[in-house]
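Structure first, commentary second.
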C-alpha cells in the first residue's frame, strides 16, 4: 500500500515537473501574447477568445489539482494514523523474562528472541513509515506550491483577459469614432463636390456668355468697319459733289460778272417778268 502511495506521489512529482514546464511555457506564451496584443490590436478579439478557453482549461485543472490535493491530505492522514498505531504498538510490546532450567528456560529465550525480532521489525516499519511520511509531506508541499502557482497563473490570465476586453472595448469605441469622422468627411466631400459642380456650371455659363459677347463684339467690329467704309465712301462722294458745286458756283459767279460787265451802267431798263424768269433759270443752272 505504501509503495503504491509512493508510486502515486512519484507520478505526481513527475506531473508536477511537467506542470512546471507547462507553466513556464504558459508564461512565455502569455508574454508573447501580451507583446502580440500590443503590436497587433486588430487580432485582440481572437486572442481574447483563446485566453478565455485557456482560462477555462486552467480552472478545470485547478479544480482537479484541488481534488488531488484533498486526496493527498486524506492519504497522508491515513498514513499518519497507521504510523501512530505502529509506534504505539512498538511501545506496548511486552518484554518477558523467565528464570528456570530445562525446557522452560529454552522456551523463554526463544520467546525473548522472537519478541526482539518483532520489535526490530516494528522499528524498521516505523522508520520506513517515517521516511514515507516525510516524502509525502514533501510531495504535499510541492503540490501546494504548484497549486499556488496555478492560482497565480489563473489570476494573471484573468487580469490579461480583462485588459484585453478593455482594449477591445476601446478599439470598438475608436472604430465607432473613426466611422463617425469618416461619415463627416464624406459629407464634407459631398458638399465640396456639389459646390465644385455649381462653380463649374457658373464658370461654363460665364464662359458661354463671354464667348457670346466676344462674337457680338466681333460682329460689331465688322459692322463698324463696314460703316466706316460706307462713311468714307459717302464722304468721298460728298467731297466730290462739294468740289463740283464749288466749281459750278465759281463758273456761275464768273459768268455773272461777265454778264454784268456787258450791261451798261447808265442804261436802266425796266425788267419784265420774262427777264426775271430767265435770270432765275440762269442762276439755277
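Cβ atoms are placed via backbone N, Cα and C, with glycine included.
Of the given residue ranges 1-51, 154-204, TrEMBL assigns the label region 'Disordered' to 1-51. Annotated range for region 'Disordered' in TrEMBL, selecting from 69-95, 96-122: 96-122.
Ranges compared are 236-260, 261-285, and TrEMBL records region 'Disordered' for 261-285.
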